[in-house]
Structures are given as C-alpha cells and as structure tokens.
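To start, the structure under review is shown below, and the notes come after it.
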Amino acid sequence: MYGGMRGIKGLVTETSVLDPEEGIRFRGYSIPDCQKLLPKAKGGEEPLPEGLFWLLVTGDLPTEAQVRALSKEWCKRAGLPSHVVTMLNNFPSNLHPMSQFSAAITALNSESKFAKAYADGVHKTKYWEVRDETIAEYVYEDSMDLIAKLPVVAATIYRNMYRDGKGIGAIDNSKDWSANFTSMLGYEGHEFTELMRLYLTIHSDHEGGNVSAHTVHLVGSALSDPYLSFAAGMNGLAGPLHGLANQEVLVFLRKLQKELGEETTDEKLKEFIWKTLKSGQVVPGYGHAVLRKTDPRYVCQREFALKHLPNDKLFKLVSQVFKVVPPILLETGKVKNPWPNVDAHSGVLLQYYGMKEMNYYTVLFGVSRALGTLASLIWDRALGLPIERPKSMSTDGLMKLVGK
Ligand code: AMX
C-alpha cells in the first residue's frame with residue numbers, strides 16, 4: 001500500500017498480459033509472434049498496427065482484407081473539427097508537445113457520440129445492472145474516431161513546432177495508418193514508415209496496471225467519454241518515470257556524448273553512470289516495475305537497428321550502455337530489474353531517420369498507446385464494469401489492524 005501497490009492483483013485486463021520473465025503477450029501472442037503472424041503492408045516486413053488493434057479488441061488474428069478495411073475506415077474518420085485545429089495552431093511554441101496533445105484530445109470530446117447519447121438520457125437505474133449494448137457501441141465508435149484522428153493531431157503539433165507549420169497535407173485512403181502518419185509528419189522514406197509500423201505496434205499495450213492504461217480505465221469507469229479518459233492517460237504517460245523516459249534517454253545520451261565525446265571507453269562510461277546515480281538521478285530506460293528481464297520491445301528495436309543502422313554512432317553507444325549499465329544497477333543492491341526497457345532504444349532509431357526533436361517522442365508513444373487502452377475501454381463498457389473505487393486506510397487504521 002505504501003509501495004505503489006507493486007504486485008497487488010486488483011484489475012482484470014483481457015488485451016495483454018505481462019510476464020516478468022518473458023515480457024508482453026498480446027492476447028497470448030508474443031512480439032515475435034505478432035511480427036510473424038500479423039498482416040504487413042505491401043512490400044513491408046513489419047506488422048501493421050491496425051492488425052494489432054483488431055487482435056486486441058477481438059482476440060483473433062485478422063486477415064489481410066480485414067486489416068486493409070480498418071486502414072480505410074480510419075482514413076474516413078481522420079478529420080479534425082476546426083476548433084481543435086485553431087487551438088493547436090494557437091498554442092505557444094514553448095508548450096510541451098504532450099501538453100498540446102492531451103489538451104487537443106480533451107477538446108476533441110466535442111465529437112463524442114457517447115457523451116451525446118448519455119446527455120440525451122440513459123436512465124440512471126440502467127447504468128450498471130443492464131448490460132447496455134448501446135453504451136459499448138458508442139464507446140467503440142468514439143474509440144475508432146479518436147484513433148483515426150490522433151496521427152492528425154500529432155502531426156499538426158510536429159509541423160507547428162518543428163517545421164514550417166504549413167499544414168500536414170491530405171489523408172491518402174490507399175495508405176495504411178502509419179504510412180499516412182509518416183507523410184503527415186513530413187517523412188517519405190520506406191524504412192522510416194516501417195519503423196513507425198513496428199513502433200506503433202509494440203508501444204500499444206502493456207497490461208492494465210501501468211500508469212497510462214490504469215488511468216484510462218479508472219477515468220472511463222466514471223463514464224467519462226473515451227476522449228476525456230484517454231487524455232487523462234496521456235497526462236500520466238507524460239511523466240518521466242513512464243512514457244517521458246524515451247525523451248529522457250536521449251537527453252541522457254546527449255549529455256554523455258557532450259561530456260565524454262562521441263566514442264568513449266567502458267571505464268569512462270562506468271564513471272559517468274555512477275556519477276548519475278550518486279547525484280540522485282535514475283538511469284532512464286533501465287528498470288521496470290514488473291519486468292525482470294530485458295524488455296522484448298527493446299530487443300526487437302535492437303534487431304531493427306542491427307538490420308538497418310548497424311554502424312550508427314549513437315546505436316553503438318546505446319549498445320555500449322546496454323553492456324555497462326546492468327552490472328552497475330545490480331551492484332547498487334536495490335534495483336530489482338537492471339535491464340533496459342522499451343524507452344532505452346526508441347530514440348536512437350528516430351534520430352537516425354532525422355527525427356531529432358526528443359521532446360516529441362512521447363507523443364508517438366501516446367498515439368500507439370491508444371490502441372491498447374481504447375481496446376480495453378470498449379470491453380470495460382461492454383461488460384458494464386462499475387466505477388472503480390478501492391478502499392484506502394489511514395496509517396493509524398493500519399496500525400490498529402495489525403495490533404500495534
Ligand atoms: N536507475 C536508478 N535507480 C533505479 C532505476 C534506474 N533505472 N530503476 C530503479 N531504481 C531504484 C528506484 O528508484 C528505487 O530506489 P529507492 O529505493 O531509492 O527509491 C529502487 O531502485 C527500487 O526500485 P524498483 O523496485 O527496482 O523499481 P520500481 O518498480 O519502483 O520503479 C521504474 C520502476 C521504471 C519507475 C524505475 O525502474 C525507473 O525509475 N526507471 C528509470 C525510468 C524509466 O526508464 N522509466 C520507463 C519505464 C517504462 C515505461 O513506463 N515506459
């Protein structure tokens with residue numbers, strides 16, 4: 001209760017389960033399974049996130065035709081209301097991209113079919129005890145709309161902050177979700193699009209207790225619509241111990257390069273890591289609340305790097321850090337998992353393809369996280385799960401309970 005409820009089982013989440021030793025399985029499928037079994041784009045080798053969403057919602061592997069239909073469906077739903085575009089275009093350039101992202105998602109709730117249906121009057125005696133299919137359907141429609149709109153919101157933020165702000169171009173309904181996203185961001189290369197397909201697939205879901213997934217579930221349990229629930233989750237993802245760690249890793253690597261040069265010895269690297277720890281800071285990208293082995297999401301990004309950018313200097317540094325950090329964290333005697341997590345690797349891949357704006361990285365994580373958290377939210381409402389309200393105790397009450 002004082003330790004962040006670590007290990008306490010209190011949630012049911014169907015979409016994925018995290019094994020401490022093996023890592024994530026989406027509806028029973030590991031990341032290598034998904035890479036093998038989910039449909040790919042024509043000429044592509046990485047799984048399409050559309051297929052993963054299908055799997056998370058239904059529990060079944062989709063066919064190619066089902067995935068293509070989902071890509072088209074999301075193209076159709078991608079438009080933003082003008083007030084959200086105006087709002088995005090008026091944000092000051094010093095407002096963090098995650099704040100812009102979350103605020104825009106909140107404002108998108110003007111489009112919520114669930115909120116409208118609710119306002120039109122579902123009888124209060126029917127909130128919970130009737131398994132009201134209409135509620136689940138509205139949540140499904142809102143979730144589909146929101147997922148479709150997120151790349152447009154995210155790309156608008158990117159163009160406004162780091163490019164000329166002249167707009168993101170039109171959605172092309174012959175392209176998949178990731179390909180449209182990369183071209184809206186202003187990137188055209190096939191390899192970057194492949195990276196985005198992989199990235200958006202593997203960041204989607206990590207069972208139910210992590211900060212972003214739990215928040216979406218909790219806020220949704222108050223019958224806040226999917227836009228409000230997901231925006232709340234994004235505010236949690238923006239924390240440095242959670243999703244913001246991918247930004248922090250790059251800040252850390254750049255600082256390291258500035259102090260030690262682009263190439264350094266293991267000895268100097270060790271000193272730098274100890275200095276970081278002694279100054280009371282964490283090594284970002286390492287450790288996990290549940291995992292006890294190297295994160296398979298790290299491993300598949302490393303494999304992508306070995307295939308496409310084996311000689312990149314920053315990748316080599318990330319590999320050197322991978323060798324040096326775990327024994328040091330073990331030596332501290334308190335870190336339960338000294339191995340790298342997903343965030344230790346994602347930034348170096350993005351940098352290689354020219355996306356150097358590290359403050360933006362968590363927004364990409366957020367676009368992906370919609371797939372898992374909204375798939376779960378659809379099921380929460382389909383099952384008519386009640387408002388979440390665990391009991392808390394005071395220290396005084398606890399002491400009495402244990403007879404002190
Ligand atoms: N560097 C330095 N110290 C670390 C550490 C790291 N990478 N990971 C854990 N520790 C420390 C903790 O701060 C804690 O110290 P304390 O007792 O002085 O407070 C001690 O080791 C025990 O912590 P733990 O039980 O191993 O981890 P946890 O479950 O409390 O926290 C996590 C997990 C991820 C917050 C932690 O490992 C961490 O801060 N890592 C760095 C940030 C990071 O990479 N976050 C991303 C996680 C993945 C994600 O959500 N995207």
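Placement of Cβ uses the backbone N, Cα and C atoms for every residue, glycine included.
Database features, via TrEMBL:
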ACT_SITE  HIS242  active site
ACT_SITE  HIS288  active site
ACT_SITE  ASP343  active site
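Shown on the structure are the features that TrEMBL records.
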residue: HIS242; record: active site; DSSP class: coil
residue: HIS288; record: active site; DSSP class: coil
residue: ASP343; record: active site; DSSP class: helix
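Compared over the active-site residues HIS242, HIS288, the count of CB atoms lying within 10 A of a residue's CB peaks at HIS288. ASP343 (active site) sits 11 Å from HIS288 (active site), taking the Cα positions as reference. Separating the Cα atoms of HIS242 (active site) and HIS288 (active site) is a whole-number distance of 10 Å. Within 10 Å of the C-beta of ASP343 (active site) we count 27 further C-beta atoms, all protein chains included.
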